[in-house]
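First the structure, in the form of structure tokens, and then the observations on it.
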Amino acid sequence: MSFRSRALSSAVFALLSVAASAAMADTAVFINELHYDDSTSAGDVGEAIEVVAPVGTDLSNWRVVLYNGSTASAGTMYSNRLLSEATSSTCGSKQIKVLTYPSNGVQNGANDGMALVDSAGTVVQFLSYEGAVTAADGPAQGLSSVDIGVSETNSTAPGTSLQLSGSGSDYGQFAWQGSATQTFGACNNNQSFGPAVDVAPTVVSTTPANAATGQANNVDITVTFSEAVDTTASWFTLSCGTSGVHSAVTTGSGTTRTLNPDTDFASGEVCTLTVVAEEVTDQDGTVDAMAADYSMSFSTAGDLPPGVASSNPANGASSFPGASNLSVTFTEPVSVDSGWFTLSCANTGAHTAQYSGGPSAFQVNPDVDLGILEQCTLTVLASKVHDQDGSVNDMTQNVVIVFQTAASTADYYAGVDTSSGPALKAWLHNRIKDHVSLFYGDTYTVMNKADEDPDDTTKVWDVYKNETYPKQTSGAANYNREHTWPKSLGFPNPTDSSGRPNPPHTDGHMLHASHVGYNSDRGNSPYGLCNGCTARPTTLNHGVGGSGTGNSNFFNASTFQVWDFRKGDMARAVLYMVVRYQGGTGASGVREPRLEVTDDRALIVGKDATTCTNCIGYMGLKSVLLDWNDQDPPTAREVLRNDAVFSFQGNRNPFIDHPEWARCVIDNVQCPTVVDVIFANGFQ
């Protein structure tokens, strides 16, 4: 087919073109097969890109980036996928990684391309088909592709692909061939891989990098090798200008080793790590040691006093939810004395509070909620905050954070733009983004309030089994935290690399109390209809559930169907995530994922969409979720839950307040065309 939306075709060819260049002829990691276009009238089938590499090469952080070459002088990136998402197999001395794409997922047309990018962000290949393209953005920015010289058309037979053939181990020893029967995940037609060249291992990179400055005194050092290696107990030396020689504990295997020094470094000193060549040997073929010692140096930060790096709320902030916890993040690990902060407000007066966390990021939980629309002041007392490195230093001065608490929910949606789906999605995203984020350990506090049993405030009411359980603050005795949008599908880590809460991972609108076993049954499967699947019944509770049609959940290895009374709740929790998380960096400085719903199960795969540009985390099934939203409208209990989470986070789930907006936002249909009085107060 020849639809410009078929990204796989374009990207594959762009990447292939680069590989064909003389500069890339000796690479042992390369694009080996692709399919992007065929004669299927309903859309191309079996689109895929295959990458091969020597067995043992760590490709988990390599990626394939696709480029739209409709403007050959300024190709733009439209897909960016990690090889960790690929299926794996082997052919001789090569491992095979295959990325599959949805029908019409790779663009067709002249000058489309793709780049193969290594874990350091270096473009290894930039290939194209039907002409060359120069990248205007992304990792290949400024590079020109090489056309692989063969292509597919809308008359190409389904089940075929473009492949390299020949014998050898490096890209330059093979040649591209026209369409032949697909061999994704197996040896290509007329291709054989000879023994890989048995080269000695080398150091590819280190963290910190060579010549890095301002490193923490307790920094660990990671060394990445070019291949899997064995190391002896004497594989490194580590010495510093002030603190002298350091021993360290080694962890890791394969291509990486991490050193955790037994004692911290001194402030403001230069340290040198030397990897001893004869103590590092590879594991393939004939055992080879490194050819020469490798040395790198870095310097630690000076012995500076600690400070406040950020706070939530920030100084001058407004609309801070009165029931929320506050947070303070310091510039380095600190020890705090009792009474290290004071909190007072204009109307409700002085507040006592409990604190948790540390040593860099702390949560402050007032014993009594702050009032509505009042000015409050949080003061961090310099004399009670001490750093932990070098000589003990206190903060140099108090830090005063003045903020305004939020009003009620009235007028929350005033001014909403419902003129189209994209307009409404953008407006709602800007309205609900940058909410107050909690640490994962504190989310039980929100969930216990949001899912509180209306008949017994000492218990929670679970979502799948319909049981009630005594409230808990950790563990999994009866219930745990159900990520309605599975965390593995876009945001697996509870904090970022600086220890700050990861907003989607801890978002109270998405987290629900769930029976432990039922939560395990669901796993990370998408929601959908599950005919003939295993039933998980509910308990009669609060007048719902028990025996009868529609009162059981159903599941198999790939799908989870929610019982009727909770279908809409789960649908709106997932749809909220699409509007709330649209990529970029939030006000707290934490990078956020872009999340979307889909009916294409091939897109619903595990990934960390917070760590790569233009990555998208997918959940589904879209059509089922939209139907559930229509069939099971919000109940009074769900509205109360929205209010509860709002009191902690300061943002609302718009699909609970306005379920009629869902199809407009997701599918750009059924959009309201008249702004009426409901938008004046935010509710119907």
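Using N, Cα and C of the backbone, Cβ positions are placed for all residues, glycine too.
Note: TrEMBL annotation is automatic and uncurated.
Some features that TrEMBL has for this protein:
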{"type": "DOMAIN", "residues": "199-300", "note": "domain 'SbsA Ig-like'"}
{"type": "DOMAIN", "residues": "305-405", "note": "domain 'SbsA Ig-like'"}
{"type": "REGION", "residues": "490-517", "note": "region 'Disordered'"}
{"type": "SIGNAL", "residues": "1-25", "note": "signal peptide"}
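Under 8 Å from some Cβ of the region 'Disordered' (490-517) lie the Cβ atoms of residues 310, 327, 329, 360-361, 435, 437-440, 442-443, 446-448, 450-451, 460-465, 467, 469, 476-484, 569-570, 573-574, 576-577, 580-581, 586, 588-593, 595, 606-610, 617-619, 642, 645, 648-649, 651, 653, all in the same chain and six or more residues away from its ends. Residues of the domain 'SbsA Ig-like' (305-405) grouped by DSSP class, helix first, strand second and coil last, total 3 helix, 50 strand, 48 coil. Secondary structure of the domain 'SbsA Ig-like' (199-300) per DSSP (helix as H, G, I; strand as E, B; remaining residues coil): 3 helix, 51 strand, 48 coil.
Remark: secondary structure over the region 'Disordered' (490-517) totals 6 helix, 8 strand, 14 coil, with classes taken from DSSP. Per-residue pLDDT, averaged along the domain 'SbsA Ig-like' (305-405), amounts to 91 for this model.
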